[in-house]
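Trainee: Could you have a look at this structure, given as structure tokens, before my questions?
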Amino acid sequence: MTYTAWIILTAALVGLSCGIVGVFLILRKTAMMADAISHTVLLGIVVAFIITREVSGPAMLIGGILAGLLTAFFVQWLHTLNVQHDASMGIVFTTLFAIGVILIATSVGNAHLDVQHALMGEITFIPFHTITIPIIGEIPEAAGLLLLVLVVVLFFIIAFYKEWKITSFDPALAASLGIPVLFMHYVFMGLVSITTVASFDAVGAIMVVAMLITPAAAAYLWTDKLLIMLVLSGTFGVVSSIVGYYIAAWIDTSISGSMAFATGLVFMVSFFFSPKHGLVSKYIRPSKVA
Amino acid sequence: MAKTLIEVENLSASYRKNTVLHNVNFEVKPGTLTGIVGPNGAGKSTLIKTMLNLHPALTGKVSFFGLPFPKVKKRIGYVPQRGSVDWDFPTDALDVVTMGLYGQIGWLKKTKEKHRKQALSALEKMGMKDYADRQISQLSGGQQQRVFLARALVQNADIYFMDEPLAGVDAATEQAIMTILKELKSIGKTVMVVHHDLQTVENYFDHVLLLNRTVLHHGKTERVFTKENVADAYGGNMRWMGGERQYELHSFK
């Protein structure tokens, strides 16, 4: 495959997995947890690097999951101590992120990891770091990692589809039926973490938030069915990444920035033109009061 | 006398550092329909949630059929307050009712046609069959409450806890819900309902539990639901209006 094809494929994988995970972030009203986790996984990645002394996929994944869960746990814990939910999020993620930044500056300081890369990603270099997988052959490591994460995410979402739905819609009923709501919350935060870590190399910590939240928020405007929302959100993610790549190639600018910009475009189009909740359709035919 | 079905001993719970329930003791017999009545902030919702392990108890013990909650949770149905969920969630009425079956369906299993049928017949019972495919945000408040009731019915539990099912619903829905509650009672189910409208207590419930942070009075409606007892629960903050059974309430948070 060509250099460009690998970049587009990697970007599309980011869009797809982020789009799917993002749906439940929106529905569980924890969109800003994505922001928190996308920053704190940096700490997990740095610590994984300090321990293993290499930038390897699996170690980074584990580090990222631990950092993500730690974030979720601290936020929950501060909240039970009567700190406001949004405030506890702000406190936890900035602190953990700062530790990551300090560690990069003091103990890691080499070419593999730097803050700029962590925030913005460097998708143009993706095709240079390849790994060899049996049968498939040589593929970029980031693409391999994303593929693995996509499979894991799809497995969890499909296998526990009912449980995600009920714990998102009505946690009190779910708990009274014996579904472990808090445990599911942490599993979900784990999924957010691995998606973020895998997307990290490609689009960086800031842009991954755009990929997680915006396609899902756009999909929410188009449909009243959860399944369709998932499919739409994944599609929007993929479309935004491809469109973003071509915007970047066209005006010669940052790829991850253009991808995030493209998600914004998709949202804007949805906001104005979606048949169910769009501004235009509301103007043309005022919604009936049931 | 029938055996005791629900037993609450020395239950206490706090909410945001304030103790809202202390030393709550009562017993409920099977086949009864109990109204839980008390002023705002009396801990009515907290009582239900604490009994169902949805809220941590500070002290005390709750047993159903002589067993702790986790062992009998499949036999207990819970209807949360309508306002506790997001009605813009992308789903339809039938799907919400089917959620009541998720406990029975179990992990890693898909909902089947028979579950769909069960849910549909529960909706029919609540007069909501025609709205099965309707997106839930497109339902009126009363219709949403009927969907919640249908979801409880489909659980086919032995004990039901309902948190203000009659709050903010239209008269027709109130009638429909009360018909169902009386029907549940007539087939031997036990129902406890958080209720806020004092004028209808006597018509609706055979037992009353007057709550204000602790159980003040509990028993058969005709014996317990007296002017004095109600005034007691509401801290005397009420004025009797006109006839014997017309009250106006002034309760504080």
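For all residues, glycine too, the Cβ spot is worked out from N, Cα and C.
Marked as transmembrane segment by TrEMBL: A:6-27, A:34-52, A:58-78, A:90-109, A:142-161, A:173-196, A:202-222, A:227-248, A:254-273.
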Trainee: With pairs restricted to those 6 or more apart in sequence, evaluate whether the transmembrane segment (A:6-27) and the transmembrane segment (A:227-248) have 3+ C-beta pairs under 8 Å.
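Mentor: Answer yes, regions in contact.
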Trainee: Between the transmembrane segment (A:227-248) and the transmembrane segment (A:58-78), do 3 or more CB pairs sit under 8 angstroms, pairs being 6 or more residues apart?
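Mentor: Answer no, regions not in contact.
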Trainee: Should anything in the same chain at least six residues away from the transmembrane segment (A:173-196) have a Cβ under 8 Å from its Cβ atoms, list it; otherwise answer none.
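Mentor: Same-chain residues near the transmembrane segment (A:173-196) but 6 or more away: 17-18, 21, 24-25, 28, 33-34, 37-38, 41, 44, 61, 64-65, 67-69, 71-73, 76, 149, 152-153, 156-157, 160, 163-164, 166-167, 205, 208, 212.
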